[in-house]
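Novice: Quick one: structure below, then a few questions.
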Amino acid sequence: MATPHINAEMGDFADVVLMPGDPLRAKFIAETFLDDAREVNNVRGMLGFTGTYKGRKISVMGHGMGIPSCSIYAKELITEFGVKKIIRVGSCGAVREDVKLRDVVIGMGACTDSKVNRMRFKDHDYAAIADFDMVRNAVDAAKARDVSVRVGNIFSADLFYTPDPQMFDVMEKYGILGVEMEAAGIYGVAAEFGAKALAICTVSDHIRTGAQTTSEERQTTFNEMIEIALESVLLGDNE
């Protein structure tokens, strides 16, 4: 049944949902990659669609910006609409010199300055990690398409405009591949409610150098990331 944030019914969503932050990006994915896509949510403009990819039913829906927003949608998709796997597809900023623009990053783990997972885990540190099989399938899908990917820790920040830029030094020291704002929350929600999750991000800018991709470059690399996500779903079905 419908929730306060999703006006869909059970069965409207596939068991796997791709989730970009931008709802218009969700619309683009549905129109570009899915066959027979239909709109299944439009509450607050957070568009969701369900269609098929190579005959496999798949959904895509925006999750907004930040852990509070994405946590609402992830939780409701899992508990109210039977979603089993969530793949976040978005952008991230790099802090390490060896991580370049347009690199595709697979978030094996997600560090965070948010307290949401401590709230879940009785004020202890919770290791927010992706599902191993989903990570492996994404890596295999990338290899099959001859796309180089980076696999490791990312950082989910609560603030886009940070008052503590020295934290980037710490991130670099600890090998953080990219900074974004949602993965740790999605991983925590998935763990709490018995689902699986993965974040795949494209490096759209470099925090250290100020370098940025052009809109055309972002579009091309974004498409590679989406193809990796979709193909990984098919690989998961064959396990």
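Here the Cβ of each residue, glycine as well, is placed from N, Cα and C on the backbone.
Taken from Swiss-Prot, the feature purine D-ribonucleoside binding site applies to His5, Glu180, Met181, Glu182, Ser204, Asp205, supported by similarity to another entry. Positions annotated as phosphate binding site by Swiss-Prot, on the basis of similarity to another entry: Gly21, Arg25, Arg44, Arg88, Val89, Gly90, Ser91. What Swiss-Prot records for Asp205 is active site, proton donor, and it gives sequence analysis as the kind of evidence. Summarising the annotation, Swiss-Prot assigns site 'Important for catalytic activity' to Arg218.
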Novice: Under a criterion of Cβ-Cβ distance under 8 Å and sequence separation of at least 6, what residues of the same chain contact Arg25 (phosphate binding site)?
Specialist: Gly62, Phe222
Novice: When you tally the Cβ atoms that lie within 10 Å of each candidate's Cβ, which of the recorded positions (Arg44, Arg218) has the highest tally?
Specialist: Arg218
Novice: Compute the C-alpha separation of His5 (purine D-ribonucleoside binding site) from Gly90 (phosphate binding site), stating it in Å without decimals.
Specialist: 21
Novice: Do me a favour and check the Cα-Cα span between Asp205 (purine D-ribonucleoside binding site) and Ser91 (phosphate binding site); whole Å is fine.
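Specialist: Cα to Cα, Asp205 (purine D-ribonucleoside binding site) and Ser91 (phosphate binding site) are separated by 9 Å.
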Novice: Hey, does DSSP put Arg88 (phosphate binding site) in a helix, a strand, or just coil?
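Specialist: Arg88 (phosphate binding site) sits in a strand per DSSP.
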Novice: Where the distance is taken from Cα to Cα, which of the recorded positions Glu180, Glu182, Ser204, Arg218 turns out closest to Arg88 (phosphate binding site)?
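Specialist: So, spelling it out, the nearest of the recorded positions is Glu182.
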Novice: Using other CB atoms within 10 angstroms as the count, which residue among the binding-site residues His5, Arg88 scores least?
Specialist: His5
